[in-house]
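A.B. asks: Handing you this structure, nothing more for now.
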Amino acid sequence: MSRRETPTSTISSTPTGTRTPRRRLSRKGHPVRRSPLIAKNSIFTVFDLSFEILINAVEENSLDIIKNYLRGDSFHQTAKWGLNVPPKTDFQGDTLLIKAAKKGKFLIAKALLEAGAYKEIVNKLGETALICAVRHFRVETLDLLIQYHADVKIKYKGQNLLELTLEKYSEKTKNFTLRIVQSLVAAGVELWHSDGSQIMASDKEIDEIIRNARNLQIIKKEKREAEERARTKKSKQITLQRIQRDLEYISKRLPFEENILTTPDFPQLFFEISKLVEIISDSQKENKEEFAEASISLIDALKNFGMILEKRDVPGEVKKEDTTLSRNNSLSCLSSPR
């Protein structure tokens, strides 16, 4: 019995051995609720006739059949495929969306995506729907999948999508390749090889698109890094100013002769000074001029505390050997820039 023949035990109105049109089966809703046995080369396998109708509908671009099955459908799991329900696939591991992407069936792919079809399922060849659209030059379907946020960072056999696109380049496919590259670049595809080298195209027009996009990415990256450095600098400056105020306040309030190590303010002060020393030390490594003035202005204030820590034992949990405020340590890191 061929795959397109309907078993007599399933639909009694069909004579044995005759073919039943798929369209007529589809209009009956779910004609087969159980999986009949289909013989192939004398080997019986379980075959889902309902899903086969859908697969054939995709190949023949029968949008009405797909839409009928998507309305109140109980077995096309759509977005649930990404959770605990395994997706329905054909023998190649293709879902309906992957099949639509391969064949370039734009309207069917759109109907499936609108119904919530999961985009990142991988077939037995390691392809997602987006990879299939790239490999088969399905530009409109590719744009549609990108619009539905398909993952453009995915790799196929170690290659990113831009490498895969350029690998299939030829003079006959130049226009398709150009449009695919434009779409992928706009979507944020990776523009470097895995070893960090720049991806380049043999075609000058395509290579210029990639080069311009890469330069733009570099500019944006440098801008983000500059903004981050500015935020870090501002944060450090605010911290320095706050600690300076604390030092000046406590220095005025506590005479040098008084044992400040026994005062309630000392633990917090000690923490603030330690933090300050660390900030200035790190900042001088990055930019010696940036915090030079702040470092010099605090040497005198910290010098007194350093001398006190040298002369006296620190009470409580604060131990002399644990501090960074000994004269040899704290003052050396706060010395004028070298």
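In case you wondered, yes, glycine gets a Cβ from its N, Cα and C as well.
Below are the features I grabbed from Swiss-Prot:
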COILED    197-242  coiled coil
COMPBIAS  7-19  compositional bias 'Low complexity'
COMPBIAS  20-31  compositional bias 'Basic residues'
COMPBIAS  325-338  compositional bias 'Low complexity'
REGION    1-31  region 'Disordered'
REGION    319-338  region 'Disordered'
REPEAT    92-124  repeat 'ANK 1'
REPEAT    125-157  repeat 'ANK 2'
A.B. asks: By DSSP, what is the split of the repeat 'ANK 2' (125-157) into helix, strand and coil residues?
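C.D. replies: DSSP composition of the repeat 'ANK 2' (125-157): 16 helix, 2 strand, 15 coil.
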A.B. asks: With DSSP as the reference, give the number of residues of the repeat 'ANK 1' (92-124) in helix, strand and coil.
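C.D. replies: Each residue of the repeat 'ANK 1' (92-124) counted once, the result is 17 helix, 0 strand, 16 coil.
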